Amino acid sequence: MSRLYAIILIALVFNVVMTITPDMKVEAATCEDCPEHCATQNARAKCDNDKCVCEPK
């Protein structure tokens, strides 16, 4: 029974860590939000095919 609790605890901790850790590949969906989004990453905003792309400065 303690193994079951250990597995559940590990799964919950993993879920919390994945929720807290931001996905660095996710970019802003629209070009309007692009400058603000890239400013948080200290990068240059570029709009490519209506998608925000943050390029290193």
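Don't overthink the numbers, they just go from 1 along the chain as shown.
Glycine too: its Cβ is placed from the backbone N, Cα and C atoms.
As recorded in Swiss-Prot:
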- Cys31-Cys47: disulfide bond (DISULFID)
- Cys34-Cys52: disulfide bond (DISULFID)
- Cys38-Cys54: disulfide bond (DISULFID)
- 1-28: signal peptide (SIGNAL)
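Taking the features listed in Swiss-Prot, we show where each one sits on the structure.
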residue: Cys31; record: disulfide bond; DSSP class: coil
residue: Cys38; record: disulfide bond; DSSP class: helix
residue: Cys47; record: disulfide bond; DSSP class: strand
residue: Cys52; record: disulfide bond; DSSP class: strand
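Checked against Cys31 (disulfide bond), the disulfide-bonded residues Cys38, Cys52, Cys54 differ in C-alpha distance, with Cys52 being the nearest. For Cys54 (disulfide bond), the number of other Cβ atoms no farther than 10 Å from its own Cβ, over all displayed protein chains, is 20.
Between the CA atoms of Cys47 (disulfide bond) and Cys54 (disulfide bond) there is a gap of 9 Å, rounded to the nearest whole number. Taking CA atoms as the reference points, Cys52 (disulfide bond) and Cys38 (disulfide bond) are 8 Å apart. In the structure as shown, the Cβ atom of Cys34 (disulfide bond) sits within 10 Å of 20 other Cβ atoms.
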